[in-house]
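Visitor: What follows is a single structure, and I will ask about it in a moment.
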Amino acid sequence: MNPEYDYLFKLLLIGDSGVGKSCLLLRFADDTYTESYISTIGVDFKIRTIELDGKTIKLQIWDTAGQERFRTITSSYYRGAHGIIVVYDVTDQESYANVKQWLQEIDRYASENVNKLLVGNKSDLTTKKVVDNTTAKEFADSLGIPFLETSAKNATNVEQAFMTMAAEIKKRMGPGAASGGERPNLKIDSTPVKPAGGGCC
């Protein structure tokens, strides 16, 4: 069997509603941007294949709803994620303050050694910026996780954010892991459905 990729990484985008998670995903996966804001309902995902260090890596990127009412649905997607990108809005202090809460969610639901990346989005809105780059960088450094400011609107650092995440995961997994597009990675999303029981509303 000759698979079309060497690695399959599942990434998760989390953060408050309205910080631009869907826009980041659209920019990275389709290189498009839209001003019209529609809240993600539950979970959406896109796939993009990248080349890194001579290897083909398939990124399965899950975009989660930020609203509290979807928290129980989205929490099941933490399981099996190789990397989680926590997004806040640089023009919204509350979304930055809530990063700690999102990191607690990761500790609660994700695997222990999952890779994390902190992203401050909407960096193009310089006049409205309230979260200082240095503050966020120091916070990320204290946790030992990478940090980037991005703009889905003008594409600043969007590519770099996802590539950084992929490189970190690849480094952690080492040369032998997840190669050959092994099937065990693909059954992750079929298991969390059962415990929920009688529907989600």
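The backbone N, Cα and C atoms fix where each Cβ goes, and this holds for glycine too.
Grabbed the feature section from Swiss-Prot, which reads as follows:
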type	residues	note
BINDING	17-23, 33-36, 39-40, Gly66, 121-122, Asp124, 151-153	GTP binding site
BINDING	Ser22, Thr40, Asp63	Mg(2+) binding site
MOD_RES	Ser76	(Microbial infection) O-(2-cholinephosphoryl)serine
REGION	174-201	region 'Disordered'
LIPID	Cys200	S-geranylgeranyl cysteine
LIPID	Cys201	S-geranylgeranyl cysteine
Visitor: What is the nearest of the recorded positions Glu35, Ser76, Lys122, Ala152 to Ser22 (Mg(2+) binding site), using the Cα of each?
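Guide: Comparing Cα positions, the closest of these recorded positions turns out to be Ala152.
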Visitor: Look at the recorded positions Ser17, Ser22, Ser76 and tell me which residue has the greatest number of other C-beta atoms within 10 angstroms of its C-beta.
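Guide: Per the Cβ count, the most surrounded site is Ser22.
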Visitor: So among the binding-site residues Cys23, Ala152, who's got the most Cβ atoms within 10 Å?
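Guide: That would be Ala152, with the highest Cβ count within 10 Å.
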Visitor: To the nearest whole angstrom, what is the C-alpha distance linking Gly20 (GTP binding site) and Ser76 ((Microbial infection) O-(2-cholinephosphoryl)serine)?
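Guide: Cα of Gly20 (GTP binding site) to Cα of Ser76 ((Microbial infection) O-(2-cholinephosphoryl)serine) measures 21 Å after rounding.
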Visitor: Would you count the other CB atoms within 10 A of the CB of Glu35 (GTP binding site), including those on all shown protein chains?
Guide: 6
Visitor: Taking the Cβ of Asp63 (Mg(2+) binding site) as the centre, count every other Cβ atom within 10 Å, in any protein chain shown.
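Guide: Taking all protein chains shown, Asp63 (Mg(2+) binding site) has 25 Cβ neighbours within 10 Å.
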Visitor: Rounded to the nearest angstrom, how far is the Cα of the residue listed as '(Microbial infection) O-(2-cholinephosphoryl)serine' from the Cα of Ala152 (GTP binding site)?
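Guide: Spelling it out, the Cα of Ala152 (GTP binding site) and the Cα of the residue listed as '(Microbial infection) O-(2-cholinephosphoryl)serine' are 27 Å apart.
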Visitor: In angstrom units, rounded to an integer, how far apart are the Cα atoms of Ser76 ((Microbial infection) O-(2-cholinephosphoryl)serine) and Asp63 (Mg(2+) binding site)?
Guide: 13
Visitor: How many Å separate the Cα atoms of Lys122 (GTP binding site) and Asp63 (Mg(2+) binding site)?
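Guide: Here the two Cα atoms lie 17 Å apart.
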Visitor: Give the distance between the Cα atoms of Cys23 (GTP binding site) and Asp63 (Mg(2+) binding site), rounded to the nearest whole Å.
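Guide: Approximately 10 Å lies between the Cα of Cys23 (GTP binding site) and that of Asp63 (Mg(2+) binding site).
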Visitor: Return the count of C-beta atoms lying within 10 angstroms of the C-beta of Gly20 (GTP binding site), excluding that atom itself.
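Guide: Around the Cβ of Gly20 (GTP binding site), 26 other Cβ atoms lie within 10 Å.
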Visitor: Between the Cα atoms of Asp63 (Mg(2+) binding site) and Ser17 (GTP binding site), what distance do you get, rounded to the nearest Å?
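Guide: Approximately 11 Å lies between the Cα of Asp63 (Mg(2+) binding site) and that of Ser17 (GTP binding site).
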